[in-house]
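Undergrad: I'd like to ask some things about the structure below.
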Amino acid sequence: MMKALLEPKMLMTIALMGTIVYITYLTKRNATASDFFVGGRSFGWFTNGSAIGGDYLSAATFLGIAGLTFQLGYDGAYYAFCFSIGLTLLAIFVAGPLRRFGAFTVADFLAYRFHSRRARLVAVAVVLAISGFYAAPQLLGAAQILSMFFGTSYEFGIIFTCIVMIFYVGIGGMKGTTINQALELWIRLGAFIVMLIAAMYSGLHYDKILAAINSFSGPITGTSPYALDGSDINFDGAAWTGTGFYFPTFWQTISMTIGLALGTIGLPHILLRFYTNPSAKAARKSALMAIGIASAFFLLAVYLGAVGRSIFISGTASEEVMRDLVLGGNNMVIPTTALALGGKWLLGLVIAGAFAAIFSNLSGLFITSSGALAHDLYASIMKKDITEKQRVIAGKVAIVILGILYGVLGLLVKDASIGHLVALAFTVAASTFTPIFILGIWWRGMTEKGAIAGLLIGLGVSMWMIFLPGTLPSFLQFKIPGIVTVPVGFLSVVIVSLLDRKVPADVNDFMKRVHSKESETA
Amino acid sequence: MAEVGSHDYEYVEAGTINVRDLPPLDATTNKIMKDEFTTGFGLTVFYFILIFSIPVMNWFAPEFAFKKIWGGMTITWFVTTVVMMAMAFIIAYVHTALYEKRLKKYEILNK
């Protein structure tokens, strides 16, 4: 027992958990709803920039992007590039105005813009849909790590992670969540940097490994004991380094680019982070810092995915590494590559980093969704006359409900790809909230009916194209259907608004508020 | 206007107005919006041209895109995974720098 506890992976994981518990304890005092939902709007650009990075760079980035590159080669790297676009667009069009607006939740934006309960209610449904899409693959990643490196069952992994999240977010609120997210980001970045150094030290230079992979064609030695058909896995390096390996047509590639590029603007847990800054200036600086961190992360993730593939085809890796690369599938390349590069200590650091990624992102989703349930649904619609303390309690109860809900979703996606599921969440966000925020901030003509129509049609079309592609003609079947769903979302808002024409009488005041000069709002 | 996030702001009756009868925005807000949108839109168009040039290059000029420039590193791999990562930050930095510059200009005008 004692020996098992002294294993590096156990020590690192225990150290991470201990730090989370300590920070959560220090930040447990959440007297007001502002403390609980937006951390008292007290976080500067460095902490908040790190936390945005922590929130954005989920398991999909830490595990999924390297996994997609390992599996799909250039098309996987292209995924990473598409994920990197969104934060920049968010910084340009939304970050500053959103902070000047300064609410508690994403749905507040619609409620305030239109003085509308209906708009708030629809926004809550969309927040929960996107968060569900996003939370399920994070839980999948957590359960797979626990299963692969600690020998627990998939179901145990899901339940354990949900319990940790309920404690972590339920007690710490946005304050604890933000500080933990910022810290967890640097753990992950540290793990990636150590892996980069270890890979370079081993002579795995980018140009050399890409050349080796490109020239490889045939069976990969040492994979047969773990392959389903009992024979070595065949690999075509030239196809891996080219395009068309996953996205078979030009239009499939364009569709994914649109969905992922515009998705970030509509991700509720990222939007919410801009409410926690003390000023619009700090919000813009936070966004800039998060973009810098994210760019470095994506670059490293793709490189490490290529390193994993290089180790896999080299035939020199240990049996344990070969087994994990075959059985772990595309999601476990980073931990396995760490084991190959630096042994148990580097693996320990990476496992802690992977948990940090998952906890960080899940905590953002929990706090956002709890805001939707407790603030938007309960305190603003069902029971308006409650005290600050009761609103905080409602937030905590919502977190328990969400823990159960997300846990069930996690159990349903056991065999899915983390990166791909997250990409679908981006597409739903791009087709629903992105049109609402861009048009709502920049176009006075958007009406309540237009916004509600945009949200419902964008959500409905996205769900249809994702879950029922077989009902569509072949030219409309996209792996990531952004090319159809995003224009549909925008057009629905514009067409219905133009037909309706009834805008709130105080829309000019709203525009003045979100676009006013810094000194008037900060 | 009630505080955002307070209990009473969202259902304060504001009424509705036909968008054609809407009074124009005040000159300052109008100028700030126009300036910011022009900058953002220009940068976004530039960024999207770069973004979409990659799949166009890959699918319609594969010989050029997959030409090796450094070991096994092809042009498109380098642009997609290195240049464009830096570009995301550069675009955001230029936007922030231009915004700060405009703020200073507004302050001088106000004085």
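Yeah, the Cβs are placed from backbone N, Cα and C, and that goes for glycine too.
Automatic prediction, not curation, is the source of TrEMBL annotations.
Among the features that TrEMBL reports, transmembrane segment is placed at A:6-25, A:76-98, A:119-136, A:156-173, A:185-204, A:250-275, A:287-306, A:345-373, A:393-412, A:418-443, A:450-468, A:480-499 (among others).
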Undergrad: Considering pairs 6 or more residues apart, do the transmembrane segment (A:6-25) and the transmembrane segment (A:345-373) have at least three CB pairs under 8 Å?
TA: yes
Undergrad: Answer yes if the transmembrane segment (A:119-136) and the transmembrane segment (A:250-275) have at least three CB pairs under 8 Å among residue pairs 6 or more apart in sequence, and no otherwise.
TA: yes
Undergrad: Quick one: do the transmembrane segment (A:345-373) and the transmembrane segment (A:250-275) have at least 3 Cβ pairs under 8 Å, skipping pairs fewer than 6 apart in sequence?
TA: yes
Undergrad: May I ask for the residues of the chain that lie six or more residues beyond the transmembrane segment (A:418-443) and have a Cβ under 8 Å from a Cβ within it?
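TA: Beyond its ends, the transmembrane segment (A:418-443) has Cβ neighbours at 58-60, 63-65, 67-68, 76, 79, 82-83, 86, 93-94, 97-98, 106, 109-110, 113, 123, 126, 129-130, 133-134, 136-138, 140-141, 256, 258-268, 271, 330-331, 451, 454-455, 458-459, 461-463, 466, 479-482, 485-486, 488-490, 492-494, 497, 514.
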Undergrad: Mind pulling out the one from A:156-173, A:287-306, A:393-412, A:450-468, A:480-499 with the most Cβ pairs under 8 angstroms to the transmembrane segment (A:185-204)?
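TA: That would be A:287-306.
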Undergrad: Taking contact to mean 3 or more CB pairs closer than 8 A (sequence separation of 6 or more), are the transmembrane segment (A:393-412) and the transmembrane segment (A:480-499) in contact?
TA: no
Undergrad: Can at least 3 Cβ pairs under 8 A be found between the transmembrane segment (A:250-275) and the transmembrane segment (A:450-468), with each pair 6 or more apart in sequence?
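TA: Contact criterion not met.
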Undergrad: Taking a Cβ cut-off under 8 Å, which residues six or more beyond the ends of the transmembrane segment (A:287-306) line up next to it in the same chain?
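TA: Same-chain residues near the transmembrane segment (A:287-306) but 6 or more away: 45-46, 49-50, 52-53, 56-57, 61-62, 65-70, 76-77, 80-81, 83-84, 87-88, 90-91, 95, 185, 188-189, 192-193, 195-196, 199, 206, 209-210, 213, 274, 333-334, 337.
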Undergrad: Hey, which bits of the same chain come close to the transmembrane segment (A:450-468), Cβ under 8 Å, at least six residues off its ends?
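TA: Cβ under 8 Å, 6 or more out: 110, 113-114, 118-119, 122-123, 125-126, 129, 424, 427-428, 431-433, 435-436, 439-440, 476, 478, 481, 484-485, 488-490, 492-498, 500.
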